[in-house]
């Protein structure tokens, strides 16, 4: 075989394609025989030309796996011996490297079996050889062997690290330094042990040196390995980089600002900054690196991309991603320098800088939303100015920024509608399609949170949108449909005059079947659902059938986005039609099931571009018996399927919620899917599953009512749901999903009562405690050693949801909540420290107010601990804080017993300013009135009524928070009916007040009945003396009061 094989190898290397093809066929045939191995070994050692020796090694690497088990011990020894000789004596570097690759495959089988004990000693010896070639090949082998027999190195780890560090600093050979760099990369990829990873910290200066040398000599691909190493170090949960963060950031910034380097190299450098911002943001803050990073990143936004550059690698786009990530993780430190850059750049003569000015404000609006809401005037001044810029790219950036503001700066941005909407309307006429498209997007996002303020703009808006819908290219039509949907949602019933025209146009879109039109069809389907939500069941039900038919037929078109939007469309219809949707369940539920059961289709790229293609050796393909394990390069998930699954999961929940008992046939299958999706790998799907599980409970209750085994079946479902919620609270790593599990649990307690959750209380309380201590899985984002305790950028939404659980427990358990509350009290109070932001403190105060309201008397034991906080909050600069504090102080006085009396003077002094002209917020004033009412009801003797009542009555009736009405009017009416002299001195004010309440369309019948009782009492006391007061009233008020007067 050896001779014929040598001829075939030579023939395979010929330029003639036919000759090559023949040789390949013959080699494939021969390679099925295990004797091919000694033949290839022979040529590897003796062939005259390096090309043939290299090809022999490449083929060995492919074939050795399939044949190794069949070789005799003597042959195996020969293979190992020859490979070692090839590595040490071979003059050609490509042949040496190809042999090293074979060694790593053979080692995979021989080392664990104890058949190659001298391999590691040989490599250590080689790596210290005086010959550069030997040192290099040893390091190459260390790299490849970590992938196959990494565990064999564990006992030698310390020696190996010392060796790698020494080779990284090799004074004579750049090749050795580069090979050492690659070996460090391989080891880091292999080792999971935090303690082992930390030891690589001391390598960072040497890694940076080697990388700088490689960049200087044009070896950018090698320098990129350094970035891969930093990437591993940053992502490691071990507290890592210490002071070397500074040098890594400096190196990365130098690379990304060097325009002479390849875009991929610069992109890798920018990526490192991005990872640091994501995983080690506290380190950036601690080492004061935020401003140096921004000084490079902001100007990068203004760098022009090369025409032939891959968009994803363009520096301006990558820089925008870094700034976005930093804004999300370091908002306080980001906003001032970014705003300064934007203000200066907006005045620049260079249009790229004016563009960057608007872009950067759009990019940070999600992360820096709180700071930007306070500075909206100057920010809008910059962006609306840019929207009128002569340069198209600047106008495009401005319309992008407005879209981002409309999405993230709600609801504050809406109050600027008088200046913003006309500018957007103007931009819809722009000469550039790009500006138009972004302006439709901005319009859609802006209108989403508008209400009746949109009405004056409705006609011009719909005129432009309907015209654009008929005369624009597809992509503009799609954004235009989104905008119409937002307008419909804002205008509600006022949209009815436009609905028919819009629905007629949508029919044309909902029958399109060409691939390039399916996205438009999806948008149209979504829009019909939104219009239905605006105009309601009465108008929609008679005209629905053709739309539903078109929507169902879309499922045959194999377009994930269309299916996703169609599930949303059906969800909207279920919402407006309630039980009327039952007739459609047999058609739409199976469609949702099939989307939920779709294969995720994880797309995996496999990297086999090793030595196969050297000098065209790619032709010899590995056959089935060779199981070389290629390296998985990256895993990307087809996001379309994800969005579709999330929409289908949401739809199942809404179908169940709105059709209730009629959902019975689908309950069991739906629950199976939701249980599976509650543990899905992507948080969007988990979130929808958590919401939908609560809806299933609502349906199950209706389904099993009056059933014999009803209670047992319902209990089984509650068991399933509660166990998932508790597991989610403890183990899910996404804050939004955990928040939803908390909110849904609170709703279950509210809807089904304490008995439903009683068996789970110990676990629920434990999960709540862990969340309050900020120790749950979703709160363990960053375990940097330099984490800073006062850094309060924790998730507001999550903690609001957690703090909803305590009132839910209190409401369902009443005074029995006291022992549980005792364990939760201190962890909750940590959020009320003065170092915490105002929204944390008011979260605590609101939570305590509701607990006090429902737990009752046991709150007395906490009055002394709480009162200083609540009194301080009454004077907060934030209206929400003052409102919650006023509510809380009233509930503490109502249920806190004698222990509150000593605070009455301080409380009245704290509440007094909230009644005056200086208080801008009606809801605050209403809650202050509620607090005074509760104080009077429990301890009238402790209140100077002659001073308090005139101030109190002056702010009535309530303007905004009607929930306080019952307390306020119970107090007033009780005083009147008891003929309290202090209140009877104010009869003219009382008559006026009672008349307003009697005529009010918003006060409840319960409140009106109280007022009627008190008014009757006044008539019985004063009789005809009341006449002059009554004749001063307007006819509407007089008639409303007269209805309550006792008939004489």
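Keep in mind that glycine also has a Cβ here, set from the backbone N, Cα and C atoms.
Annotated in TrEMBL:
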type   : residues : note
DOMAIN : 23-89    : domain 'Importin N-terminal'
REPEAT : 379-417  : repeat 'HEAT'
REPEAT : 420-455  : repeat 'HEAT'
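Same-chain residues lying 6 or more positions outside the repeat 'HEAT' (420-455) and placing a CB less than 8 Å from one of its CB atoms are 380, 384, 387-388, 392, 395-396, 399-400, 402-403, 406-407, 410-411, 413-414, 461, 464, 468, 472-473, 475-476, 479-480, 482-483, 485-487, 489-492, 494. In the domain 'Importin N-terminal' (23-89), helix, strand and coil residues by DSSP number 57 helix, 0 strand, 10 coil. Under DSSP, residues within the repeat 'HEAT' (420-455) fall into helix, strand and coil as 27 helix, 0 strand, 9 coil. For the domain 'Importin N-terminal' (23-89), the model's pLDDT averages out at 86. Applying DSSP to the repeat 'HEAT' (379-417) sorts its residues as follows: 31 helix, 0 strand, 8 coil.
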